[in-house]
Amino acid sequence: MMRGAAPTGVVSVMVLMILVLLKQIESASANGSSLGLPPRKFCNIYQGSWVYDKSYPLYDSKNCPFIERQFNCKSNGRPDSEYLKYRWQPSGCNLPRFNGLDFLGRIMKGKKLMFVGDSLSLNQWQSLTCLLHNAAPKANSTSTRSPSGLSVFSFPAYNSSIMFSRNAFLVDIVGAPPKRVMKLDSISSGSLWKTADVLVFNSWHWWLHTDRKQPWDAIMSGNVTVKDMDRLVAYEKAMMTWAKWIDQNIDPSKTKVFFQGISPDHGRAREWSKQGGKGSCIGETKPIMGSSYLAGPHAAEMVVAKVIKTMKNQARLMDVTLMSQLRKDGHPSVYGFGGHRMADCSHWCLSGVPDSWNQLLYSELFHS
């Protein structure tokens, strides 16, 4: 042994100590404590603000072949790009940066994740498929869509599937026009939900549709059938049915259940600006800075929170409403499906805001 050289055993111990230290640093970075912030479990990741980050977006939309035309704003001619450069920053901690390989190889290996809801769930599902494709571009993947409305994106190497089931109301609609009845007390599609290891539900926007866009002709609550009722009341009744179904049919030790909070639209500028007038999301290129929204909490958001509190095995509320309210710039506007004929202030551009929703979902699963 050379003079001054440490014994082999000592070197091994030192190497082990360094590896442990690096692991602690990595863990600290993930939950924010490396910056003196409290651990993730003491932090509300849904309270925060948008900060400019030149490393964003997390993927280039032109490299994701799965994006539907209505969400592909850059391909549809949107000229500005600053809206892509904002990252969600919780007030009291840091989020782990989305790691697609960790998501596939550890969190979701051998498992199925299912988004259940309307086109906002489609928005989030497509975002996640793009994030994962970007992380593993050479991994073999398959994408299928059945007539029943189930879309499946699979990674055979990881035995993992990311699914989307189109179901805008969660409760049943039976019959054919002009006798279609929405049954607020009935769920018959739940057998499909039981096949997933992670469920992410969403429902709201279609509850506001009227006239020809309304996919039902009457509403049944209990034994009473009416032509119409207050939509927020109907929504709460349906969400209570959903909550009871989850409590009775889902084992929380085997399946994680999330409810994606209400995704807002930005069709009325007066909701975020006192000088808003009759404006909308058209021409908006920057988010609202800070952590407050002029119009305040969303009524449907409060209904969802109320319903979840009644559950025996509470679903986790992904309360994305405020963070999304602050992103008046993130919609397709006139660069969505149909072009300049109609402004879309409800859905979101991809890349864009749904990527941050999925980063929050990743954080929830990362720490669970």
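Just so it is clear, glycine is given a Cβ too, placed from its N, Cα and C backbone atoms.
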| field | Residues flagged as motif 'DCXHWCLPGXXDXWN motif' in Swiss-Prot, choosing from 29-43, 89-103, 344-358 | value | 344-358
| Secondary structure tally of the motif 'DCXHWCLPGXXDXWN motif' (344-358) (DSSP, helix then strand then coil) | 6 helix, 1 strand, 8 coil
